[in-house]
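Okay, so here's the structure we're looking at.
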Amino acid sequence: MTSSINILLLLHPTVVTDAHSVEQIKSKIYQSHNNDINSININQQIIDRITKGVIELPNDYYDEIIYINPNDEPQYREIPISLMQLIYKLLKSNGKFKGDLPLDQNLDVLMTGFIIEEEEQEQQEQQSGLNEGTVYVWVKPIPVDEPVVTLLKKKTTNNTKKSLPLFKKLNKNDMTINVPQEIDNITNNKRKLVETKLTYFSSDDENSSDGSLSDNANEEEEDDDELIDENDLLKYNNHNNNNNNNGEQSFSDKLITPRKCELSLNGGKKRKKACKDCTCGLKELEELEVSNQQNLQDQILGKLAQSATLEAIKIEERLKQQSQKKIKFTEEDLSEIDFTVQGKTGGCGSCALGDAFRCDGCPYLGLPPFKPGEVVKLDGFGEDI
């Protein structure tokens, strides 16, 4: 019996108003899973209720979470980081979060713990019901169990004193030495050593009287003949390949090819890493996987930089538009105000209180305080002209 697939369908509040579109989305989800209604459990929720904590859902429960958002503008598809973390907890290991996802939050997605992968267009259209191009799918990675190394406790003895080394006692028979016999043995050994030195450095190693080389020289030549040049091997290999039609065995048949690395026998869940001097091609496969992952991350970072530059250009255009706007004053703003009339005040409203309360450009600077409505004469302008 196949295990059931748990799917969480997150809907934007604007989608809930159209019941026909919701049923159409559900039917497409069933079609993508071969219309096996009994093995699929779809839980339909509004995304606002989950973000506010009104509804609590079980963690590590859902195989897929599909988000439906009819808004096409990217600013209305933004998902907060708290909601990303909640979705990460709700998904099972290797679970997928797909649908109408934002395209400018890839850095937040990676920081949350997801892996961004591409999904084919046809499968994505069947599950989401949207006619868009190839999109990215957020995948919750499978946790890797780290091996636990148990350390053995060192045995401690209560005896702090160290035992002394034991020496074997010699017998009395071993202590007696036959002195003349030992002296004869020493002299014989010295004689043998001298004879070997003389034979090694004798004149036989040099050229003989006939002009022929000695036996040692001939042995050295034979050793040199045993060395094989790499180019000669290649020529010999080509020659044997040409003679294969005559039934002769080629030199390449004698070569030993290394055995290809196989998967581990413990369930086949994880393959072994390539050896240090790998020759079966497993190391190249691992390097290809790393390069593909690096290219994907570079594409994501490139799109992030592109979106940042576009946002900066928009901000500059907004500032230019604000700077081009000119402030226009009305006739009431430009009308003159008589500061001496009661009920009329200036910009600061404190001209009559004295210099301590007047502005820098006030014409009453230097004059004593006066009451509103009192006639004030300004003299001394002729001296400044």
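Using N, Cα and C of the backbone, Cβ positions are placed for all residues, glycine too.
When the ranges 151-154, 303-306, 307-310, 359-362 are checked against Swiss-Prot, the one recorded as motif 'Cx2C motif 2' is 359-362. Cβ-based neighbour count (10 Å, all protein chains) for Cys278 ([2Fe-2S] cluster binding site) stands at 15. When the binding-site residues Cys275, Cys280 are compared by the number of other C-beta atoms lying within 10 angstroms of their own C-beta, Cys275 comes out lowest.
When the region 'Fe-S binding site B' (348-362) is classified with DSSP, helix, strand and coil residues number 6 helix, 0 strand, 9 coil.
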